[in-house]
Every structure is written in structure tokens, then in C-alpha cells.
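Features reported for this protein in Swiss-Prot:
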- 39-148: domain 'tRNA-binding' (DOMAIN)
- 401-476: domain 'B5' (DOMAIN)
- D454, D460, E463, E464: Mg(2+) binding site (BINDING)
- 701-794: domain 'FDX-ACB' (DOMAIN)
Amino acid sequence: MKFSESWLREWVNPAVTTDELTHQITMAGLEVDDVLPVAGTFNGVKVGHVVECGQHPDADKLRVTKVDVGEEELLDIVCGAANCRQGLKVAVATVGAVLPGDFKIKKAKLRGQPSHGMLCSFTELGIDVESDGIMELAIDAPIGMDFRDFLALNDVTVDVDLTSNRADCFSIRGMAREVGVLNRADVTEPSVAPVAPSIDDTVAIEVKAPAACPRYLGRVVKNVNVQAKTPLWMQEKLRRCGIRSIDPVVDITNFVLLEQGQPMHAFDLAKIDGGIVVRLAEQGEKITLLDGSEAELNADTLVVADHNKALAIAGIFGGEESGVTSETKDVLLECAFFAPDHIRGRARSYGLHTDSSMRFERGVDYALQVSAMERATALLVEICGGEVAPVVAVESEAELPKPNKVALRRTKLDNLLGHHIADSDVVEILERLGMTVETTAEGWVAVAPTWRFDIAIEQDLVEEVGRIYGYDNIPNQNPAAALKMHDHQEANIPLKRVRDLLVDRGYHEAITYSFVEPEQQKLVVPGVDALILPNPISAEMSAMRLGLIQGLLNTVVHNQKRQQPRVRLFEYGLRFIPCDTAENGMRQEPMLAGVIAGTRSEEHWNIDTNTVDFFDLKGDVEAILELSANDKAYSFVAAKHPALHPGQSAAIVVDGKEIGVIGTVHPELERKFGLNGRTIVFEIEWSAINRKVIPEAVALSKFPANRRDIAVVVDEAVASGDIVNACLEVGGEFLKAAKLFDVYVGKGVEEGKKSLAIALTLQSNERTLEDADIAGAVDAIVAHVSEKFGASLRD
């Protein structure tokens, strides 16, 4: 919200400086972003009257004028502006004046004619207004008055960054209320008297969606002069709030928007067929907006229509077909309350953002419409003339918001603020904020005013009391709190432990968006319908993610495009799975995922720069799983996944249940994502790996361990893990470990076969094993794998 300090002080004028005022506003929770002067630095400029204006004898584009600036003699000034003419009131820089840029005005001759000053344009005085030629002031502008005083240019614009909950401050009225409360100062509102109707013309109004539009006011004003010029005082107020002047009708509705906080709209009455109908749009209905763009409407969009077509997207943007033009004679003024829930998000869905939608989305004072209509009518008649008809009002009282009644406990107030504020001060603060307050045994009950949609819970009242009392007035003190020991179960694996492990192995933690591009997600997780957001941040972030892999792959691409080819990332986060039986129809499951790409190690003269492969990531995943202290509980089983290479992917299985996947990204997916080179990923359900077996202390065997190596030949399709597991199944009490240490394919091994070398460790806790014990265990293992897999011992 950008506003002029001088305009604010017309409503409330506390005895504080500009710096003190902006500090007050900031400390009250309305952060001031910027304070800027409304015009450049200049002096010596006066209001003048062009008494004579004639053609320069030697220059076609110059005019010779005599200007009255309230001195004894008229000033001779040569001017080149096309709009310079006799009778004009102008801004005159007299001799000795200094304009922005340290430009000094001196006596001069232009093509032989004396010039003792300069007639100024807005730009020449450092005023940001688009205009051709010199300024044209009001005919009643006092001659000789200092121009800075005439336009009140000793003023600043204050830009406040309002939070979304403080919609009540999107106006001079709202800011004045706030400043008045902070300074215990009275707020003087402009007098708004009802405008008496002079004609009986009305337009029929029907509201078919009362929940979305509980109140709609319409008023016909005929014989309006849209060619009238917006007064300079209004243009200046609009300019200082960041709005340029367009035409008097639009300027008036914008003025009421800024002053009162009530968005309004004006229709060309001649372009309305039949009457006004406020309804929901038909799916696919089209409307051409005032900016010339065409919008295809959704069925949940509220529109203001006539009997044949949509005239405007309600509360957001007017339509071109019904807009006021230079040919307009009669207008229909609209002033309505549109429910925030029915406006919120609609503008964004059409790529629009307007001052009107910003206010309606957050909530407009629902008691403001009548006075705003009268204010706009009075200004329209004053500036453009016209004949006024009665106001037609359609209201659904049952659908209007009800004031929130909120209880505030004394104990809660003291606990949250950490300071005791006297009861009388609490009541005074709440009443100054426009609330009705009732004292109870436990504290108070406050009824929020109609302009405060954000007062809903007890903490809201605590915040209001605290910020108006002044955070600076609350003494500093150390927080007092009871320390509670965290309940930590030894069987739980803390997430921090896994994070530390991966960081120690060279990974960086990533945090990606939970919102993803839906079509891209279908490449990674085909066949599963994701939740599509009704009001997404953008089209590229319109679906809830079904897993973490998509976000990590996009992060790899982002890094590779910035000359960072070696990437090791992991992420912990939620995936969102639609489920009819889950709460709110959605399962939120914590997941752990990781990705590697590029070289195995950083570039070094003494290290080979080999590219990462499947087994690099498999080793990292095994390190995570080994935190469970039960290496026999998990396994990797060859499996296919639509996002992974069919020959380089596996399911991660724990206790017989598939809990994740690991593998190299499918070449086709690699191409579509724009990945540069081999990329390997994993994803695991966190809830399946965050528990561990509590280790038990056992005595170490004092007897020697024995190692026997066997090499078995099996089909290439047989997984080595299955062979190792088979060894453990029949190894008996003496077999302590079976480890694969070599895989060989080539000379001496039949084509289509492979040789697996396995180290068997045998040991007894009670005695030294005899050769017969060892041989018996080895023979049993060989026989079992031979029978189960058709394996044979390699010669």
C-alpha cells in the first residue's frame, strides 16, 4: 500500500514527524518499505496566469507570452509548448529559480525575444506524470502562490508492505484508523452526505449466487460528461499512491478505492442488455477484458452479466464490451461485497492481478458499500455532472459475514507476552481498535469490527494488545521454561544419524518443492493420478509430488547447466498419495531419496576419474540399511521400474517387503529431463528403515575361524545375492559368514554362465573345528546350490 503522508494527515494528524510516524507504523506490524519525496527538489516556482500569448515572429514553434505571477510587472516568457494559450494557469519558474538537476533559470533571449522565466511541465519539476506540454492548473489557482505550497509538494509517499491478513489497511481510511489508535488521535473522515436522486431510472439487478455476492448496489447516473478533466488535486492523490490518471470516471472509482478501501466499477449503461445478473460463469464461457485479452472462464468464477453476456469477472476485472469510453453518456456504478472465498485464487488462475482482486481476496469491510457509493456519486456529479437515480440494492443478510466473537484469557495474555498489562489498558486498546469488549471472570470477550477479517482466535487478540501497547514497552527478560527430557527409544534410528552418514559420504542435502509439473511427473510415476492443485503457484507447480526422484533429477539438471557435473544429493520429505481411506483422501508418507551423477571422486592427479555406477549408490544405500544392525533383514532384488534402466535396477526389500527402489535412470527419461550422462537414484520409505535391532553383548569365540573359498558356475541370470543367501540357509551352526568376492565371465567358463567366488567363514564357540566338520558344511552348501540353481563347482 503506497500513500501520501499529506493525504493521511487530512484524516488524522498526530504531533509526530515523518520519521516517527513511519517508525510507529513499522513497529505496529505494518512494515514501511520506502519513503520518497513526491517531487524533485526545486524553488522559485510560482502559480502564474498567461495574460497574453502570441506567435513568435521568427519561429513557428515558439510563442511569446506575458505572464502574471503576482508581481508589479508581467513577465515576458518564450514558450515552446503546443498547449500554451491565453488564460491558462501555469507553473512559472522565475529568474533565479533552481530546478531539479541544479538547473538555474536566468534572463535570456530566444530568437531575439526576451524570456524572463520558464513555463514548466511536470517532468521539469521532477514529478512523475506522463503529459504533453506544460502543466495546466485549475482556473482558480491563486496567482503568485508558491507552487510547492499550491500542490502540497513538501510531502512524501510511504510504501507499506502489508501482510495478507491486514486487508483493512489497503486504504487511507484503514491507515488513518491505525495511526489514530497508535497515537490516541481522533480520525476525521470526509463528510459523505447521501446524493438525492433527480431521476427515476433504475436497472433491474438479480443475484443468483448470494453466497458469493451477499450485497450488490447499482446506481444509474445519466448525462455524464466523460470529457471533463480530472481535478489536479485528485490526479496528484492518485499519482502519489502509484496510480495514473485515465479519465474522470475511472479516476473517481480508483480514488474511492484508495480512500475508502472499496473497489468499484462503472459500466456504460447503453451496453447493458436487460439488467444486471450476478451469477457463476458457464464452463468455457468467454469474455474480452478491458486490457484486450480474452479469458475462458471456469464454472467456479463469479461474473457480473447482463441478460446476454458476461460484463465483468466479479471483483477482478471489467469487460471491454461494457467499459466506459469517450462516447459514454450514461453510467451504472457498481459497489458490491464479494465473499473472499469466492474471489480468492480466481485472478491468479487467469493470470491476472488487480488492486480490486487483491482487496476482495483478503476481505473488504462489508459495512462500507452504501457510504462508498454515495462518496463516488458525489464526486462524479461534482466533476462530470449528471442526473442521479436511486440506489438499487440486493442483499442477502444471511450470507453476509458475522462479526467474530473471540475470548481472551488474562492468563493467556500474560503467558504469551511475558508481561502484565493492566486490565484497563487492555480494554482501552481493544476498544480503540473498534471492538466491542465484555469483561468475564477469566478475561474478556471481544467482538471484531466489520473490517477485521483476521481476528478469529485468542492469539490474534494477544497480538493486537501487544503491538498497540508497544513491543518496545515490554521489558526484556530471559525466557522461563521447564526443561523436559526427550523420550528417545534406543530402537529408533534418528533422521540426523542418516543425514550425518550421507554427508560424511560426500552428499549434500537438498530441499525441493512438493509441487511439481504434472506431465513430467507422469514420466517418472506413470499410471498414478496425482492431486492437482486448484490454485497453483504456476502451471509448472500444479501437482503434488508422488515421490522425491523428480525433484532431485531436476536439481541435477540445474547443477549440470552451471558447470557442476559431479552431483551427490539426498532429500528427506513427504510424498502425497491419493487414497480414499486416508484422512482427507491423501496419504502423506515420509521418504528418503538420493541421486549421484558425474565422477566417482573429485578430479585429482593421483586418482582415476571414473564415472559413478550402480554399485557406488548401492554401497551408500547398504550403509544406511546397516544402521539397522540386521544385515540379514534386507536384500536387493532385480526388478523393473518405469523410470529406471531395465538391466540396472532393483527393488530394496526388508523383511520380505519391498520398501524402495534403486537404479540407473532410464535412457529415455535421461533424454527427456536433459540429464548429462549416467545418473543413479534411490528412494526408500523412511518408516521401513527407521528402526534397528538393539545389539546384545555376546562372548567372542576363543577358537580359530576357518575360511574356505568355493567358486560355483551358474547361469548369468542368477543373482549372486540368491547364491549367498542359499549358502547361509544350509551352512549350519558353524557358518558365520558368506561373502562374494569375485565374479568372472570369460575363458574357461561356458558362454551364458558366470563364476561366483564365495568366501565361507566357519567357526565354533565351543571347540576347534575338525576338517570333517568343515568339509561337511562345505559339501552341504555345494549340494544345496547345485540342486537349487543348477550350480557346479568350477575346476
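Glycine is treated like the rest: Cβ placed from N, Cα and C.
Taken residue by residue with DSSP, D454 (Mg(2+) binding site) is part of neither helix nor strand, so it is coil. Sequence-distant neighbours of E463 (Mg(2+) binding site) (same chain, 6+ apart, CB under 8 A from its CB) are G29. Minimal Cβ crowding within 10 Å, among the binding-site residues D454, E464, is found at D454. In sequence order, V406, D454 constitute the residues six or more apart from D460 (Mg(2+) binding site) in its chain with CB-CB distances below 8 Å. Within the domain 'FDX-ACB' (701-794), the DSSP-based counts of helix, strand and coil residues read 30 helix, 32 strand, 32 coil.
Apart from D454, D460, E463, E464, the residues listed for Mg(2+), the same chain places the Cβ atoms of N165, R452, I455, Q459, L461, V462 within 8 Å of the centroid of those Cβ atoms.
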